[in-house]
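As recorded in TrEMBL:
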- His96: active site, electrophile (ACT_SITE)
- Glu166: active site, proton acceptor (ACT_SITE)
- Asn8, Trp9, Lys10, Gly172, Ser212, Gly233, Gly234: substrate binding site (BINDING)
Amino acid sequence: MKRLIIANWKMAPQTSREALRLAQGIARGVKGVKNVEVVLTPPFIYLLLLKLGLPRLTRVKAGAQDVFWEKNGAYTGEISTNQLKASGVRLVIVGHSERRALWETNEIVNKKLKAVLGAGMRAVLCVGEAEKQKEVAFPKIIRDELHEGLARIKKSLFRNLIIAYEPIWAVGTGRADTPKNVYEITTIIRRELYRMVGKRIASKIPVLYGGSVDEKNAHAFVKDGAVDGLLVGGASLNAKKFINIVKAVSEV
Ligand code: PEP
């Protein structure tokens with residue numbers, strides 16, 4: 001399976017000029033890298049810019065950090081799967097812990113996953129426990145996120161599903177998890193997916209790790225953590241660091 005690295009730019013950078021420069025710098029830097037798919041997820045406002053500004057033949061693609069579940073209608077401030085598709089987007093992150101911290105429940109995540117997968121796009125479902133849930137509610141919290149998030153979704157749509165294991169305490173903190181821990185938890189996740197949809201479909205679902213990934217730890221997460229790729233936040237805003245992460249993973 002080709003490794004997948006997704007850059008989550010969150011609410012940065014502040015100007016379109018910087019966004020374009022960053023995207024082009026990354027596209028140039030990863031040009032010759034094989035076996036790794038790179039997807040940049042900028043704020044919505046830069047999506048078209050990336051579509052127009054990245055050379056057609058670049059391997060770097062654009063994805064979205066979020067979406068609304070209705071296809072059209074009077075929903076002020078929201079963005080639909082139709083609009084994303086028209087802007088060249090084929091991958092959407094759903095249920096990021098920073099959105100869950102604002103107001104997103106498993107029920108909302110489920111509506112969004114249905115919309116994205118139903119529209120034939122790839123969905124990255126983020127799951128992970130908070131620090132205080134580590135002892136008490138783990139791994140139930142992750143099982144609930146999987147089962148409730150993916151409830152009543154046709155098995156055939158799971159072919160476009162990606163799971164990102166992102167322990168909340170590791171996201172944006174500089175305190176990455178260990179590859180050993182990531183291996184153990186993603187094994188639980190894979191086992192749960194087997195139970196839900198059977199081995200044939202589940203074995204094709206990429207499972208990623210995210211949480212303070214940098215140039216130094218990226219290789220180990222993929223090699224020893226045995227994940228299929230990475231979701232990178234902070235370090236993806238620095239072209240040099242992000243290119244090094246992609247290169248490190250291509251060498252695993
Ligand atoms: C993220 O935004 O999903 C993330 C993992 O952020 P960071 O790499 O900064 O921890």
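We number each residue from 1, going along the chain as drawn.
Each residue, glycine too, has its Cβ placed from N, Cα and C.
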The record lists Asn8, Trp9, Lys10, Gly172, Ser212, Gly233, Gly234 as binding substrate. What's the largest Cα to Cα distance among them, in Å, rounded to a whole number?
14
Out of the binding-site residues Gly172, Gly233, the residue with the smallest number of other Cβ atoms within 10 Å is Gly172
Tell me which of the recorded positions Lys10, His96 sits in the most Cβ-dense spot, judged by other Cβ atoms within 10 Å.
His96
According to DSSP, which of helix, strand or coil covers Asn8 (substrate binding site)?
strand
May I ask which of the binding-site residues Asn8, Trp9, Gly172, Ser212, Gly234 have a CB within less than 6 Å of any atom of ligand 1, listed in sequence order?
Asn8, Gly172, Ser212, Gly234
Excluding Asn8, Trp9, Lys10, Gly172, Ser212, Gly233, Gly234 themselves, the substrate site's Cβ centre has within 8 Å the residues Val171, Val232, Ala235, Ser236, Leu237
For Gly234 (substrate binding site), the three-state class that DSSP assigns:
helix
Residues that sit under 8 angstroms from Trp9 (substrate binding site) by C-beta distance, when 6+ apart in the chain:
Ala19, Leu22, Leu40, Thr41, Pro42, Pro43, Gln65, Ser236, Leu237
